[in-house]
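According to TrEMBL, the protein carries these features:
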- C:29-52: transmembrane segment (TRANSMEM)
- C:94-114: transmembrane segment (TRANSMEM)
- C:121-138: transmembrane segment (TRANSMEM)
- C:138-433: domain 'NADH:quinone oxidoreductase/Mrp antiporter transmembrane' (DOMAIN)
- C:144-162: transmembrane segment (TRANSMEM)
- C:174-194: transmembrane segment (TRANSMEM)
- C:222-244: transmembrane segment (TRANSMEM)
- C:287-308: transmembrane segment (TRANSMEM)
- C:315-334: transmembrane segment (TRANSMEM)
- C:346-364: transmembrane segment (TRANSMEM)
- C:376-399: transmembrane segment (TRANSMEM)
- C:419-444: transmembrane segment (TRANSMEM)
- C:465-483: transmembrane segment (TRANSMEM)
Amino acid sequence: MNSIPLSVYLVLALILFCIGLFGALTKRNAVIVLISIELMLNAVNINLVAFAKYGAKPGLTGQIFSLFTITVAAAEAAVGLAILMALYRNRKTVNVDEMDIMKR
Amino acid sequence: MTGEMIAFFILALAAIAGGVLMINLSNVVHMVVALVFTFLAIAGIYITLSAEFVAAVQVLIYSGAITIIMLFGIMLTRHERDTASKMPRMTVLLSGAGVALFFLIMFFGINRLSLGSPAADLHIENTKKIGVELYSKYIIPFELTSVLLLVALVGAIVLAKRDEEKEAEK
Amino acid sequence: MSHLISILVFSPLAGILALSLLSSKNERALKLAGLLGALLPMLIAVIAAASFERSASGIQLAEQVNWISYKMLKTGDAAYFSIRYEVGANGLSIVLMLLTAVISVLAAVGSWTVKRDWKSYFIFFLILELGMLGVFAAQNLFLFFIFFEITLIPMFFLIGRWGYADREKAAYSFLIYNGIGSAILLIVFVALFMRAGTLNYGELAKILSTNGYPGLGSTFRMSVLIALLVAFGIKLPIVPLHTWMLRVHVQAPPSIVMIHSGILLKIGAYGLFTFGIGFFPAEFKQLAVWIAVLGVINLLFGAFLAIVQTDLKKVLAYSSVSHMGIVLIGFAAMNEAGLKGAIFQLISHGLISALLFFLIGVLYERTGSSDLKDYSGLAGAMPVTAGVLLAGGLASLGLPGMSGFISEFLAFLGLFKVMPVIAAVGTLGIVLTAVYVLRAVLSVTFGPTRESYPVGRDMTAREKIPAFVLLGLVLVIGIYPGMLSEPLHTVLDTILLGLRG
Amino acid sequence: MQNAWLIPLLPLLSFILLLLFGKKLKEASAYAGIGATLLSLMLAAAVMLGQWGGESYKAEGVWLSIGKHAVTMGYEINPLNALMLVIVTLVSFLVHVYSKSYMRGDDRFHVFFAYLGLFTFAMLGLVLSPNLLQVYMFWELVGLGSFLLIGYYYFKPEAKAAAKKAFIMTRIGDVGLFIGIILLYWQAGSFEYDEIFKAIADGTISSDMITLIAILIFVGAVGKSGQLPLHTWLPDAMEGPTPVSALIHAATMVAAGVYLVAAMYPLFEASSAAMTTVAVVGGITAIFAASIGLMQKDIKRVLAYSTVSQLGYMMLALGSGGYTAGVFHLMTHAFFKALLFLAAGSVIHAVHTQNIEEMGGLWRKLKITAPLFLIGALSISGFPLFSGFFSKDEILMATYGDGRYGLFVLAVLAAFFTAFYMFRLFFMVFAGSPSQEHGKVGESDGPMILPMAVLGVLAVLAGYLNTPWFGTFLADYLSHGPVRFAAEGEHGPIWIPILATAVSLAGILLAYLMYGKKKLSRNWLSRSLPSLSTIVYRKYYVDEAYDATVVRGTTGFSCLWSYVDRYLVEGAVNGTVSLIQWLGKRGSYMYDGQVQRIGAVAVAGLVIILLFFAAAGGYFS
């Protein structure tokens, strides 16, 4: 039954997190950057759920936490996209490298 | 090799493949679709971790809601093909190196990590137990989440709404 | 358990409260409130000093309240890390608190020359006093650090807003140098806390004196001591970390320099004494030669530079550098005479430099300059001021019968016992001190009297009080040092016990 | 004798009183000073009478404790300091009286008397001290008194410079004393004279150490007593009012160095090298200063150099083992030199100049001052039967008896010089005709004459305290003290007094021929050897040499360090500042507002922290 060790889940989560991170850092399209961040959040969720089962103190807490994370992620996606729309309206682009308002 | 393992490997492969595809594709819509695969595979992995409710939520929210929002976002904005404006090679390489280093360090950290024996009873009445916990022990965070969602909703609307006064001025 | 020390430390808050209720336009009331706000701590300090048992050793008037405590995962079972609110006084700190309170009152009187923003000035002033009192009252490193930081911020504003032309640069260099010093202190304190598990002075000293306590090896001790030396060396200051202090001396308003030179510099020496020698006697002994050399360098460097300065304030600033060298010399001697000399020097220099800077304030108000070239023959126009200035200068150059001599003599007496050659080089400083003090004082007071001087504008009664009080204290200590040495005796005994191991 | 502590306190009281209320007392403030010193004088005389043949008395209390050692303060009466007490109080009293008239009309009259009180207090305290620390403290305080009085005319730049010079030069000597005392403390474990002498007698201190300490203490004496090479301040100190010169720079303070050596005599005796040093320095100073005195034109400067020279004599006596001779000469010198200064003051008071070339023919105008000056001059020249004759003889005999014949020759030569320049002075001032009109020249009034008369009597009689003919009262008296000196060869070869007389008469005669009768040209020396005379006139260029080496050296060194401070230390600080600014600027160029770059940097930082953490946590092991 317990033939799958915890570390395998963690490594999977790590791989997904790294993919998400790489995407967030290198993609120019803002939508893809947002979605990469979602991927990173998902990787974290895997960790939470994995620890809920295999952790030092197994229990439901990890799962509940992941639920909260998902909620927050959804909210984040909505707001992020709203910001994106507003930006797009002003600058007619979704390229991240053209968004340098923060410099000023 | 048990069935569980096989299932896990297939799902993990699917998840990673979706991610890698997302990185390598050039069409934005294709990228999002590739990521749907990953989200679905992650939902499967939740099931192997005896978290059926989380898996269901994952399918509903990620594969459903968030993906749809993203697609809307893509449709509402104009997109050149992503290849037209590639990142500078240097940035990509450096970011890649940083991420790889990060990966290595974390990998060494979590390698051969094992903490106690797995819980055996998580899958029994999983949804019910989560519900009970959420409405008793975690009631305050739960309510706070709802407030957060409301605020996000209002905020998203305010942000995305055209500035009518300004429009009117024009 | 009496709350006397706590009341003393936080008594400036009363003045702050009163000031904050007053209108910021009402100059007289504000100044009066500031003065009364400083008088209250002095009264309490006198009461505390009176109720202090002189011959008893250890911490007196101690207070202890639990404050923060938490458990570290790794250290296992019973190791609760707790930080308590603990204040108290030993013979040295009660004397320094008294000195702080007295000099604050006199500096408040000296603040009459402040021209604007009296309200915020006096509020900062009282916060500064609170911080200084707290530094000496604190009985653990955490509180010490907090109060130490509390002194920095008001000082920054006091220099930066009420100083002379180049005040902002002075304020920033004060803040940055002392900020670096406190950063080092913080690291040291945290390291000690993690390794020893307590921050209380007494407990720390006990733990550090037991050999082979885990995690407190000789390398660790030595590096902590050196870090302390650097941190307090900035405050003291030790050459070459002195440049900030010169700027502060020159740019800050004279009443603030009274406090700065009189008390704040002493915090460095107090820290070095309590933590450096008190916690790490054996390591300090290993470094003693170097500290003696540093002390002599300070002494001679300050003196040589003071000879060629053209600004009275700069002369005094370098003389402070020079005098702090004597503190180091006394510390390096590591015997009763030397340590006593160093501590006497703390108090004596506190009084003397406060006096001299007060006089600079008086002179500046009348002539608008502190350049030596702009002065001549003041003895004719302002005989009392000139006389007090001369007396202050003589005290500064260590004339017997005044407090400076006792400290100088004892410090050298101590050092000659252990390092006669270094001490002999240091005695050159005695001659140089005479040279620069006389050069500065005589060019102000002697010579043909300028006609432009306002005759009959000698010190007013308000100005005479601080001048004569300070001069009187200098004389009293100089004539009968036994008065001061008695409460210090028990402190020194404790420290010397640690030295013998 | 138990009341001896009152002796110094009375003048202190006068000082405090005058400081506080002097402004209101005005001219009356003189009476406070005079009264205080008169009381002190009476007490001192009582103490000395009680001391005659009695035992030493000592009282002290703990002042400060250093570990187990208790440093005490107190007072001690022994034959030596009882004698000093009388000398000091007497001269001080007379000077007070004299000043009342001399300083009349000065608008800081009360300050002058306050300073006199302070000085008298310090000097008496110094004399009464039973331990070296206390000696050092009062030693510095007399320096302060001297400094204040030299700089009394604060508005005169020369006075300012002289005061500063006096303080700093003596302080250089004081540092030697300071080190000597400290070393002695760690060797003998005490500051007390008794204990120190006991330690020396027990031989617990190595002989090299004794020599070192003795020489260091002697350095202090050199500074205070204006011995070579720290003598230059004393002639400059003549910028002070003349009574001050009489009190401080002739009779009392400058003798403190001699007193110190006398008080520490067992220490010096324990080291022959130290004794030689004292004798040689004294002998050379005697001839050196006397030769400068030959050429000076300022009446007070001549007397000042003569003081330096006579102090050298005393040192020579002490260094040659002539304890009594040294102390004896100290006493006689105090009287006749004070007399000379006061008389000089009277002359200056009358003619308002100090240049002797502008004087002349005053014998008839100053009918009382002139004979008194003559008494002083005869006494200092060693004219037979005057006090200086006896004390100088003793010194010569002691020197001869000690076997240092080179120094003996120097001493005889110095005696000749002394006689010559004193009478050069006398004839130039009082004989001949006035070279310049001074308006109405009047004799001084009673308060000025009286002290001079008293001193005149003493200048003659003091010599009979210790003579080969009537008995050696002084030596007997002093031998009761704690200082056990070797029996001296008072009865040296008979030709020595004769030689001394001859030399002094020769000097007087030569001066008479040159300046009284004008038989010989005054200027033969400056004409025949112009360079030598210039060198002597310019005081061997010692001042200039010090200025060129020590003063400029120190200033240059200071400037050098001030550049180091400004450019190296400040520069390092500024360098750090600009480095950080540069880094910040570069960093801000990199920041172009792009979110992803910010993110990338954050990740890089995270990775670095993780690397550290992993390495420290032993991940990779």
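Glycine residues also receive a Cβ, built from the backbone N, Cα and C atoms like all the rest.
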The transmembrane segment (C:222-244) touching the transmembrane segment (C:315-334) per 3+ Cβ pairs under 8 Å rule: yes
For the transmembrane segment (C:174-194), distant same-chain residues with Cβ under 8 A (at least six beyond the ends): 81, 141-142, 145, 148-149, 152, 155-156, 159, 204, 220, 224, 227-228, 230-232, 234-235, 241, 243-244, 247-248, 271
Same-chain residues near the transmembrane segment (C:465-483), Cβ under 8 Å, at least 6 residues beyond its ends: 102, 106, 109-110, 344, 347-348, 351-352, 354-355, 358-359, 362, 388, 391-392, 395, 400-406, 459
Stretch of maximal Cβ-Cβ contact with the transmembrane segment (C:29-52) [cut-off: under 8 Å; candidates C:94-114, C:121-138, C:222-244, C:346-364]: C:94-114
Leading contact stretch, C:121-138, C:222-244, C:346-364 vs the transmembrane segment (C:94-114) - CB distance under 8 Å: C:121-138
Same-chain residues near the transmembrane segment (C:222-244), Cβ under 8 Å, at least 6 residues beyond its ends: 170, 173-174, 176-178, 180-182, 184-185, 187-188, 191-192, 264-265, 267-269, 271-272, 275-276, 280, 283-284, 286-287, 291, 294, 297-298, 301-302, 321, 324, 327-328
Beyond the flanks of the transmembrane segment (C:346-364) by at least 6 residues, Cβ under 8 Å: 95-96, 99, 103, 106-107, 110, 113, 253-255, 257-259, 261-263, 265-266, 269-270, 312-313, 316, 319-320, 323-324, 327, 370, 375, 378, 385, 388-389, 392-393, 395-396, 402-404, 406-407, 444, 459, 463, 466-467, 470-471, 473-474, 477-478, 484
